């Protein structure tokens, strides 16, 4: 009999788990104090036969075993016993045999029967002392062998279930999926530095080998001064290393956290990383040859890992007091809370974490976690000509969208292409990737740490903490000319400059970047490409605050902006910031606007933002620590452009992974199954943004509902690849806006329920099949929004070429148009329909059904406004783009905003004498088996104008916490009809418009709770500044 189980991570206080161990049976203790580190155990991600694990119905966990930590009182233990009695269903504690068993733990693993999983998890989170319960994540690191073409190892091909490999995800990529470490092959033990490359490339690598990365960064100068990493404890989280490796002499401890019963490295990646950090071979030297090296084998030879392996290894790194750890891993899932929170705990313990930014370049919006966290040093890659490596992931971060703005990452860049390091058995080889650049920086950090006298390290008031080291690296980095901050961060690591900073360092706070010169191109792209003007959406910038004074800090008062010239006096700058700077860092968000008085101003604006960071005193001090931080600001102001030149991008209705399985827009892309690049003009639509600016348009971004902008200010609204639902009041306002003269440009995407059902993958974490939450776009929601205009998309999935005014376009998994009003112009083309089934697939041009002919582009006037719709957004998306259609976009924008008709778009043959489709035409419907509220902001609460909206729509600043009913009432009275919310609830949304609290994710940090209470009259949730 086969039993199917789901493994969950139960996070709780160590003392509570210890009490469980004292009260139960020996074989079920989650703390595992009995077995050796190399014990073999069952793979966490497989189905388990009942003879193997023998779970049984249990009402109390009854684990046993002594564990260090504070015990619970008998009364608390009784409360646990009573609580566990109420947990129904089959489950068993999962044993974890590793060296962390000798130390307290703050989590346990439970294997739960799939039949009872949801009910058991719901009950577990209610137990006293339990923080959260999350599914155990299976992690894979896809290291592609150099020379492969097409899909990378670990990339997921699509196939139909039971059919050919064309659509349907076979395997989820996992929580961590760093791509392509070029040059790493199965034959890690042999070969030479020219492995896997063409003759020319091999010669280039041999030439570079004469000057290793240590020489290029000047490590010999520090060695000559006596600094070689002595006394610094460095943890390498990778695939392990052999104990007697000839290159690495100072291996203090090797630990294994996987199910494989070995400490050896069977792949070569862990050995390579260790060599870059601590190698002593003259042909491929490491940065810190005398560092004390600790290897944590967290990946198997198949590059598989699990959340619990990392959590145990991280706990052990804390217990053994590492100084620095390197993670050459990463992935897009920044919502894996057990992992993310443990990273916070690592850095809170004073350990500097260095992590690869990811190998998903040259695409933007592809930062990997944990390198995208403020408290982690994220490393990008460059080649030996100081150009950003094509594989290096680009910013900005996407945690903050759509409400806020992402952070500039990586932090620094280092050589990551053709870097020499150690082989498994000895000798040198070259590898490429940010997983190579990361140990380059980690090794340099070990070397820098040894520059600081040991008494000043981790003692109270010491200077060797994650913030101080990060300050030294980003402030010492050398900016690379011609590259923007989303590619290079603060620049190329400079070992000598960082050493000088550390030698005279005194604990202080700082901000990254250290100055905001928005006129500095190309470093400050995209801001330097578009000046600021009155009545615009605010310029938003998300800066990182580093606090080298202590683990915890706070803003003493609100930041203050002081104008520096006439233009600066015209600026209105407002702020949001971390309530608490922890661990070692936080954020400062700036919302920059030009006052109405500056509507005709032209010139430079300058000034300075200042704030004071405060931290508690350390041992031997009585006064709080204070540090004044100054941030210079320079930008250009121009007179407000005419409405016809201003476009508004809808960011609010974009949904991405995580949290939901949002599939990619082009189904022909095999190696990237998720839509996770942000869908923002400054991430994967960056080339479109530049094209619009080149054409003379100004593009602003709306991060709030449609009820939060003045349509009279804009020529057209762009809806591109929208996955979100719409509020009823949004649809009503948009219809009025278009009738009053607003242009509307809509770029849709595929949506086909049958295809979505077939696009399923088996998730090793939940032991279940996952299917997409929506298609490339949320066509049912779009159709409802477009209904007043007589326009609707169908559920065909169109592939093929078409030409518009001589511009050849590729329709890549686009949608067909099945409803369009008479009097409009409709373009059709012979395109293949890749959908397997559907209800609105074959309606062709001008109302005539024609196999293979599909309407894809339509233009129509509606009262005073103009509407253009196209069924595919791939031609605007820089990620996996087949062909660009920027020229078409510009023509559509000029027509929608000014009525300029390009003859190619309005041929007589395209004119519709009668409407296409009609009320009888069936339209795609929502999936009944998908809980939209699990990923939709619209379905979880009322429409709110966030601080990213114009001040007119804020009406009043958000009432302070604890505001009186009168203060709230006064704010509510001033809300305009089209402002924050209406009294009528969204028919698809929640019935109550006034929840007790609204959860919004802050800029780059944990969720922030904003009060939102009901007042007399209509239910209203007030915005907050």
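Yeah, the Cβs are placed from backbone N, Cα and C, and that goes for glycine too.
The feature signal peptide is assigned by TrEMBL to 1-23.
Summarising the annotation, TrEMBL assigns region 'Disordered' to 40-75.
Per TrEMBL, domain 'Peptidase S8/S53' is recorded for 229-490.
When secondary structure is read from DSSP and collapsed to three states, residue 238 (active site, charge relay system) falls in the strand class. The active site, charge relay system annotation in TrEMBL covers 238 (among others).
In the three-state DSSP assignment, the secondary structure recorded for residue 269 (active site, charge relay system) is helix. Positions annotated as active site, charge relay system by TrEMBL: 269 (among others).
For residue 435 (active site, charge relay system), other Cβ atoms within 10 Å of its Cβ number 32. Among the features that TrEMBL reports, active site, charge relay system is placed at 435 (among others).
Annotation comment: TrEMBL describes 512-640 as domain 'MBTPS1 third'. Break the domain 'MBTPS1 third' (512-640) down by DSSP state and the numbers are 9 helix, 65 strand, 55 coil.
Annotation source TrEMBL lists domain 'MBTPS1 fourth' at 641-909.
Residues within less than 8 Å, Cβ to Cβ, of residue 238 (active site, charge relay system) and separated from it by at least 6 positions along the same chain comprise 265, 269, 270, 273, 274, 295, 296, 297, 298, 299, 326, 328. There are 26 other Cβ atoms within 10 Å of the Cβ belonging to residue 269 (active site, charge relay system). In three-state terms derived from DSSP, residue 435 (active site, charge relay system) belongs to a helical segment.
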